[in-house]
Structure formats: C-alpha cells, structure tokens
Amino acid sequence: MTKKIIAKKIIALVGRPNVGKSTLFNRLSMRKKAIVHDLPGVTRDRKYTDGRIGSFEFSLIDTPGFEENPDSFGKRLMEQTTKAINEADLICFMVDSRSGILPDDKLLSDFVRKYNKPAVLVINKCEKAFDFDKEYYKLGFDSMVAISAEHGTGMIDLYDEIIAKLPEEDSAEAEIHDPIKGDCLQIVVSGRPNAGKSTFINALINDERLLTGPEAGITRESIEIDWQYKGNHIKLIDTAGLRKKATITESLEKLSASDAINSIKFANTVILMIDALSPLKQQDLNIASHVANEGRSIVIVVNKWDLIKESEKEAFKEEFYYQINTTLPQVKGVPALFISAKNKQNIADVLDSCIKIYKTWNKKITTSKLNEWLNFTTEAHPLPLQKGGKRVRVKYMTQTKTRPPTFKLFSNNPEKITDSYTRYLVNNMREAFDMPGVPIRFNYIKTKNPYV
C-alpha cells in the first residue's frame, strides 16, 4: 500500500463567520477571488478555485460562515456548507485565535465530525508565537495547525497536516506502505567546504551534474536536482560549504552561506557531509545543532572513507559515535554512514537511511499508546518530592504534530520539571517507539484538572 495522490483533491474551508476563511481562500488561490471584510457573513455561496501550496495542487471551496440560526436564510446557508462537506476529501475547520472557542465553533465541529471526513483544525490570526490551549482539543480534531492567513505564516505546517490527512489510494506496484511516494522528499546536502558534497551527488545520479574540484568553495549557491530513487521523487539540493562566521569576510560568501542556511529551513532531511580526514570539527557540530533546532531530520555521512587505513577504521568509528552521542543529545542515535563518493562506495545506503529517517520524522503515535508509555516511565522514575511533600506529576500527553514529532504534556507543576528529567523522557521515548536521530519536542502545559 502506498500513499499516492492521483486525482486532484477537494478541500473545503469551514467555520463560523469572520474566522478568515475567505482570506485563506485568497491566499491559497494565489489571487484575490473572494471579498474579504471585517463584517461577518460576507460569503453566502460556495466558491470554487484551483488552490496550491508549493507543488501540491487541489480544488478549494469557500463556504458561508455558520451561525445557529433557525430562519430559512440561515438554513440555506447551512445547506451550502453541507454540500461542500459532502464534496470534500478534506475539511479545513477554521477558528479565530483572538476570540477563542465560541459556542458556534463547538456546534459546527460536532456537525462536521459526523461526516467522518479527514479534517484539520486551522487556528487563524496567529501573528505571534502561539501555544495550543487545551480548549482547542475539546473540538475533537486530532490534527491542528496555527496560521496567519493574512500574513501567510504557517503555510508549510498547513501543507504538512493536509498531506498527512488526505485519504490513501491503492497502488498496484507498491509492496509496502511508504509515506514519501507521491510526495517529494527534499534532501539538502550540507557541510564544511571540500567535504565532497557535489562529488557525492554526482556519484548518486551517475552524472557530472555539479562542478567539482580540489578547491574549497566551488559551490556558491544552492542547486536543486530532481531525481527518482526506487520509485520515489527526490529533490537533491547541493549547498555551499559552511565555514565559521568569524572566518567569512567576503560579501559573496556571506550570501552563499545565507542561501545554504535558508535551504536547511525548507528541507525534509539534511545530509551532513563530513571529511574523514578532518572529522568532527566544531563547525560540523554547529551545523548539526542548527539542523536539529530547525526540526529537520538528519543523516551524518563520513566521506573519503577510502583514505582511512583499514587498521584504523574500527577505532575511528568508536571515537566518532562517542563524540556524536555526547555532543548532539537532541538527535541521539542519528545514523552515520561511511562512504567514498569518489569510488561510489556505500552511496546507495545513504538514500535508504534518508527514507527511513524521513518515515520516523513523520511518525504519529496514538494518544493511548503515549499515555500507557508515560505512566510506565514516570512510575519507574518519578520526579522527586517538593517542599511540603507534594510530587510533581506529568499526567497526560498527546502528539500535536509530526515533522518533527512534537508532544504536549500536562503537569500540575511544569516549571519544576528539570532539563535532565526531560532528557530522560525523550531518550526513553526514542527507545520505546524506535525514533533514533530525529528531534523530539516536548511542550509542558500546566493543568489543575485532577483527571488531566
């Protein structure tokens, strides 16, 4: 079974008046097709357009705002919304972060969920950093995203949630469920100058597509190459070598470095290329930390392995793994491969590792399994008693997003949870759910509810 998006999908924007449906409609259609006004209820009919986020194209429906209204006009507006829901493959259920959850939001969410359609809760008007309040979970949606339709922020996260929720379609040629088929896996190759990034890509695609040579810094801007690997659409992105900021003086190199850093922001997976003759410098660790902080998945590749003496390879690996696991705890267990791009040794293993870690990066864990694990783990190693004999407890957790896996944990006193205890939970989760090498994010929320 393979997740493939073959026919153009239909997405309906549903919500009460003035939550920003028409603004998002205009944003996704790339042109102004819907009238937008602060006055509620401007939209009265279903409107259709071709929408797009990145390379993903779909049909989009704007619907009238729902209000509990028994008169015939209100019923006719609701009929428009009902028809849109019936037509849609996916519902974007929109709410307004400024006003919070209102009774009409709850009524409409109950109505929408009766149709058992894939749905994403879209929390609009989030111009500033937004923390998902537990009130939003009461609407009953297991997928949610914060955006600003007016300013265009959160569109990448919206894309991720939509793709994850769209129905799967059978593919006769597929043997296993593979979440990247039908999508484009963007792989950025990053590292210090002269680590062999361009040589690696040339070897992978079996073409001298990129200029290479012994001189450091040949690549000055990010180069994208579309490629197919085992039936998967791959976009390989070669980037300029990244030196320490203090050593960068020329304006052109500053632009190249900025371009390379920007490419990492939009990557799915980053290959960190390291020169075996000059392994694990501070700049390598800086790049890896930046990738983890951006929430990207990472694969570490040690190139020029053919230049290391056979008698020294075992000791090299032991020291290398020790340094990686002690200096990069945020991606503990990250895969490391040892290759020779020049001799095309082990280069296919790199792509297999990228696909595997991409699946881990996309992993979704059910709430029941999470809390079964949480109860066992916190009972095995509880937090110490506080003054007065009261114990800090982590009572409940849920996964709020993937890419990277992000979790919300409810506690009676979250400010007392130490960094070391969080590391204990994260490391335990990696082992329990087989999640090596990807950033795992925990967000703690204070709750006084004894049942949550």
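Positions of Cβ are set from backbone N, Cα and C atoms, glycine also.
Database features (Swiss-Prot):
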{"type": "DOMAIN", "residues": "9-170", "note": "domain 'EngA-type G 1'"}
{"type": "BINDING", "residues": "15-22, 62-66, 124-127", "note": "GTP 1 binding site"}
{"type": "DOMAIN", "residues": "185-362", "note": "domain 'EngA-type G 2'"}
{"type": "BINDING", "residues": "191-198, 238-242, 303-306", "note": "GTP 2 binding site"}
{"type": "DOMAIN", "residues": "363-448", "note": "domain 'KH-like'"}
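Distribution of Swiss-Prot features across the structure.
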residue: Gly15; record: GTP 1 binding site; Cβ neighbours (10 Å): 28
residue: Asn18; record: GTP 1 binding site; Cβ neighbours (10 Å): 20
residue: Lys21; record: GTP 1 binding site; Cβ neighbours (10 Å): 29
residue: Thr63; record: GTP 1 binding site; Cβ neighbours (10 Å): 28
residue: Cys126; record: GTP 1 binding site; Cβ neighbours (10 Å): 20
residue: Gly191; record: GTP 2 binding site; Cβ neighbours (10 Å): 26
residue: Asn194; record: GTP 2 binding site; Cβ neighbours (10 Å): 22
residue: Lys197; record: GTP 2 binding site; Cβ neighbours (10 Å): 28
residue: Thr239; record: GTP 2 binding site; Cβ neighbours (10 Å): 27
residue: Trp305; record: GTP 2 binding site; Cβ neighbours (10 Å): 19
**Request:** Please classify the secondary structure at Trp305 (GTP 2 binding site) using three-state DSSP.
**Result:** helix
**Complete:** Students should find that the Cα atoms of Cys126 (GTP 1 binding site) and Thr239 (GTP 2 binding site) sit apart, in Å rounded to an integer, by 32
**Request:** Summarise the model's confidence over the domain 'EngA-type G 2' (185-362) as a mean pLDDT value.
**Result:** 80
**Request:** Out of Gly15, Asn18, Lys21, point to the one nearest Lys197 (GTP 2 binding site) in space (Cα versus Cα); all of them are binding-site residues in the record.
**Result:** Lys21
**Message:** Tell me which of the binding-site residues Gly15, Asn18, Lys21, Thr63 ends up closest to Thr239 (GTP 2 binding site) in space, Cα to Cα.
**Reply:** Lys21
**Message:** So, three-state DSSP: helix, strand or coil for Lys21 (GTP 1 binding site)?
**Reply:** helix
**Message:** Cα-Cα, whole number of Å: Lys21 (GTP 1 binding site) versus Gly191 (GTP 2 binding site)?
**Reply:** 42
